[in-house]
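Student: Handing you this structure, nothing more for now.
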Amino acid sequence: MNISVFSNAMNKDTRYPFLFLVLTTLVALVAAVYYYFTGEDLTVPWEIISEAEAVNLPIDRIQVLLTEIPVQLKGFIITEHFEAGLPRPNIIAATLFLDILAISLVYFLTLISTFRQLAFFAAILLLMLFLTTFNFDLLGIFGSQEQYLLISIITLLGGTTFLLQAFFTQVTFTVRLIIFTLLVGGIGIFLYVASPLTPDQVTLHLLHYSSSGCIVAALLFIFWVAFENIHGLLWFNTQAENPARRFGLWQFLLICGLYLFNLILLYARIANLFDVEIILLNSFLILLISAVIGFWGTQRRESVYAGWLPFQNGTSILYLVLAAVTFLSIGYAFATANDALARTFTDLIVYTHLAYGLIFLVYILINFGRLINQRLRVYRVVFQPTVIPFYTVYIMGTILLVALLFRTNYATYDRAVAGYYNYLGDFYKATDSDILALKFYSESSVYEHNNVKAAYAQSAIYREKDYVQSEINQLNEALKLYPNPKLYVRLANKYPDQQHFFDRMFALKEGLRKFPNSVPLLNNQALVYASTSMVDSADYFFDRAAKQGNWESTITSNKLAFYLLSGLGKQATGLAKEQKAKPHLPLTSNLLLLESFTKQKLETANLTIPTAKILRPEDFTSFYHGIIQNRIPANKKALDQINFYLASEANQQYHLDLKLMKSLVQQRLNQTLAARTTLENMAGTEENYSAYLLDLIGLHLLDQKLYQAAANHFEQAQAKGLPDAALHNLYALAFLPDRATDALLLASQLAESDNPTIAALANRLAFLLQASPAQVIANNSDTTKVQFLQLNQFNNSLSGEEFASVASTVKNPELKKLALKELAAYHIAYQNWPVAMQTLGNLLPQLDKENKLLSEANVLQAEIMLENNQLPQLEKALARMYFEGPDLHLKKYYQGALAEGTGNMQEAGKYYNQAVTAMPYHVPTVLAAADFFSNKVSRKNQAYDILLNSITYNPNEPAVYKAYILQSVEVGYGGFAETALEELAKLISPAEMVEFRQAYEAKVTERLNSLGIGAQ
C-alpha cells in the first residue's frame, strides 16, 4: 500500500485531471474535518451579550468651608452573559461544497461517457434521478412549476454524454472533461443570472434540494468501503516479506474482534441498549480509515469488476467522485449543525461496517483461515475464494444490515428524511418564508422527534416573532431527547426577571448536570448567583469557569463586575492587580471604573476612540471611562466622535451620557462656556435628569465662587426634588451677605434632618452666619475659625483687626497656613498691599509641598504684583511659581498682562484669548481682555464677544454688565445695551444706577458724534 498505487491509476491523458480530482477530494475531506469541529459554533454561534449597570461614580471633589462635596457622574459596570445566537446559513460552506459537487458532477459525466453500453445506461439512469433532486423548476426562472428546465438540462447533459459515448469515442478524456466543465459551468451561470432569487439563495437551493441525491451517493460509497478496514487488518497481519514476522490466525482474530467489538458497542449506543460513558473509536474516523484503505482495496479486487469497468481511468475516478460527494455531504451536515443528518451518517457507517465487516471476516476465515494460520500472504489472494464466492459478502452483509435496521425500527431512514427537511427549512428561512420554514422544520421534528436542528430553528423563528411561550415549549421538548448546552443557555435566558429566578437557575443547573465543564453555563450560573446575596456560590462558579481555560477575559471581567456590584473592593483590587493588559473592552472598562474608585493606577489595554457606527455597551463604557480617566485624550477628535454618535438615532440610549461626556471633554479643552451650555441644554430637555444636572452645574459654579449663580441652580434642583441640593444651596447662600436670612432659614430646616451629618453641618453653618469674631475665638475650634475666615472674606462689617484676631488664634499648623492665606486674601480685597505682602511673606516659607494651597498663595502674590504694576518682578516670579487646576488659567491671564505691558500685542492677544475661553467667569481677566481688544488692538467686536460670553456664563456681575453695555454702544448694538441696562438695574443700587446712566449717555453721545450724527 504505497504511492505507486495512485500513480498506476494514471495514464498520460488522465494524469493531471486525476490529480486535480484527488486534490478536490482532499479539499472536501479537509473541509469536512474542519466543520466537524467548528460547524455548530459557526451555524449557532455563542454570542456574548454585554449589559451595563449604572453606579454612582465620584469623579471629583470640591472643597467648600473645609468640607469636601463629591461631584458624581454615572459609572457603568459591564457584565457579559452567554447567549445562543440565531441560526445562520453557512454561505461559505455552501458555496465551497456546491463547487465540489459541480466538479464531481463534471467528472462523473466525463467518466460515464467512456462506459460500455450497459454500464452507460445504468449510469445515465442514476444521473437523471440525481438531476431531478435539484428541483430546478422552483428557482422561478420560467415562472411556473413545469419541468421544462429539468428536461432541458437532462437533455443537454445526457445527450452530450450519449454522443460522446456512441459517436465520438475517439475524443480524449481531457477534452471530454473540458466540454462538460463548460456545459455545467454554463448551466450554473444561467441559473444564477436567470433566477429571481439572490445568488446566496440559489446556492442554498441547489445544494439543499440535491442533498437527497448526495445522501444516496454517500450511502453507495459507504457500502463500497464497509469491509475495507477488515481488509486492511488482513494486509497488516500478512504483508511481511519474512513469514516469521507475519501474524497468525489468533492475532488476526484478536485485532478484528477488537475492531468489531467497538462497532458493536457503537451500535448498542445508537440502539439505546446501554448508556455508559466510555471512549469508543469515532465512527467518522472509521469511515476515513476505510476510505483511505478502500482506494487500495478497490485496485486489489479489480478482477471482481473488471468486466464492467477497469480500475485505471474508470473505477479509480468513480471512487474519488463518490468519496468527494460523501465528504461534502458529511461536512455540510456538520457545517449547518444538521444533527439529524449527522446521526444518519453515524448510523450508516456503524451499521454497514459492522454488517459487511463481520461477514467479510467470516468470508476470510472460511476461505483462508487455514492459510492465515500457516502465516501465508493471504491478502494477495483474498479475492480468489475457494469455498464461498465473494458476492456472498454483499448478500449476507445486506441481510445482516437489514436486520440491524429492523432492530432500530428503520430510524436511520427517518433521520435522513428529517435532515433533508432541515435543509429545506434552512433554505426557506433564508428566503424569509417563515411559514414554509416552520412547516419543514415541523416535518423534520415528526421524522426525528425534536432533533436539535429543527427544534432550535423553530424556537429561533418564535424568538424573532416574540412568541415567548412557544419558544420555551419548543426548547423544553428538544431537551428531553437531545440535551445541548446552547439549548439550556437559551432556555435559561428566557427567564431574565427576578420573578422567574428559580426557573432560570434550575435550567442552568440541569444543563451543568449534563455538561459540567461548559463555560457558558458556568458563567451564566455564576451571574445568577451574583444577582443575589450568595457570594460564595457566585465565586465558586466563576472559579470553575476560569479553570476551563476558555473565554478567560470574559470570566475575569464578570468576576470583577461581581466584586464591584457587591461592594467587595478588596477582592476587586486584588483581582485587578493580577491581570495583565488584555484587549477585552468589558474587562478594560471595569478596570477603569475600579481605578476611578480607588485612584490606583491599574494595568489595562490601550484604548482608542471607537469607530463603530453603532455603539455596543462595551464600546460606550470603555470610551466613557477612558475619557474620565484620561486614557483617551480629550481632544477635538474625541469631541467630533461624540457629536457623531449624538447625531445617530441608533445610539439614542447613550445620548444622555454622551452629552455628559461632551461637556467633560469641552471642559478639559478649556471650552468652559460651551461645556456649561451643553449641561444647561440637557437640564432643559432631559426632564427626568433635570434636577441632577442643575445640581451638577451648581457645584461647578460653587467651585468657581459664583455663589449667586450656584444658589439659583441649587434652588431649581431643590424644587425638582433632589435631596442633596438643599445642603449645597446652604453653602452657596452662606457666601451671599444679602441673602443671610434665606441661609439661616434653610439651615434651621436642615438642622431637623434625620441625617445626623446634614443636621450637624447645618447647625455649624448657622453658627458661622451669626457668630461674632469674639464668639468664634471663644469656640476654640481651629476648623470653625478657618471656616469663619473663608465665609467672611468680603464682609464689610468686619475690620482688619477683627479678621486678623481670628486668624492669629488658629493653632493647628496646617489650618494655620490656611488662615494666613485667607488673611492675605482679605487684605488684597481691600487693597491693603503692604500687610498682604507681609502676610504672604510669613506664609510662603511654610509651604514646602506643591499642592493647592501653594498654588492659591502664588495667585495672591501674582495679584499683588500685577495690581501694583510690578511687571519685572511678576515676570521673574511666574517662572518659578507653581500653579495647578484652574489657577493654571490665571497664569495665562498674568502672562497676557505682562505681554501687554511690554508691548508684545500678539503674545498678549494669545494669552488673553486662552484665559477668557477657560475663565469667562473671572472678572479681572474678562475686563482686562475686553479692554485690551477694544482699546489696544481695535478688535472691538472681539471685546464685545468676550463680555457677552461672560454675562452669559455669569449674569450676576455688575462690573462686567457695565463694560458690556458700554462696549455694545461702541460697536453699535444700542438695542442690546438698553436691554442690558434693565438687567443691570436689578444688580446695583438706584444711586449707582443713576451714576452709571450718566456714563452710558456720555458714551452714546460720543458714539453718535463719531458717526457724524451729533444732536440728532
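Along the chain as shown, the residues are counted starting at 1.
Glycine residues also receive a Cβ, built from the backbone N, Cα and C atoms like all the rest.
No curator has checked TrEMBL annotations; they are predicted automatically.
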Student: To which of the residue ranges 148-168, 757-777 does TrEMBL assign the term transmembrane segment?
Tutor: 148-168
Student: What stretch in 91-111, 148-168, 276-296, 348-366 has the biggest tally of Cβ pairs under 8 Å against the transmembrane segment (16-37)?
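Tutor: The listed stretch sharing the most Cβ pairs with the transmembrane segment (16-37) is 91-111.
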Student: Other than its close neighbours in sequence, what residues sit by the transmembrane segment (91-111), given a CB gap under 8 Å and a spacing of at least six beyond its ends?
Tutor: 17, 21, 24, 27-28, 31, 35, 39, 42, 123, 127, 157, 160-161, 173, 176-177, 180-181, 183-185, 188, 200, 203-204, 206-207, 210, 214, 314, 317-318, 320-321, 324-325, 328, 331-332, 335-336
Student: Report, as numbers and ranges, which residues of the same chain sit near the transmembrane segment (148-168): CB under 8 Å and 6 or more residues beyond its ends.
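Tutor: Contacts with the transmembrane segment (148-168): 109, 112-115, 120, 124, 127-128, 131-132, 134, 136-137, 139, 141-142, 176, 179-180, 183-184, 187.
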Student: With pairs fewer than 6 apart in sequence excluded, do the transmembrane segment (118-142) and the transmembrane segment (247-270) have three or more C-beta pairs that lie under 8 Å?
Tutor: no
Student: Out of 118-142, 175-194, 206-227, 348-366, what stretch is closest in contact terms to the transmembrane segment (317-336), meaning most Cβ pairs under 8 angstroms?
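Tutor: Most contacts with the transmembrane segment (317-336): 206-227.
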Student: Between the stretches 175-194, 206-227, 348-366, which wins on the count of C-beta pairs under 8 angstroms to the transmembrane segment (118-142)?
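Tutor: It is 206-227, which has the most Cβ pairs under 8 Å.
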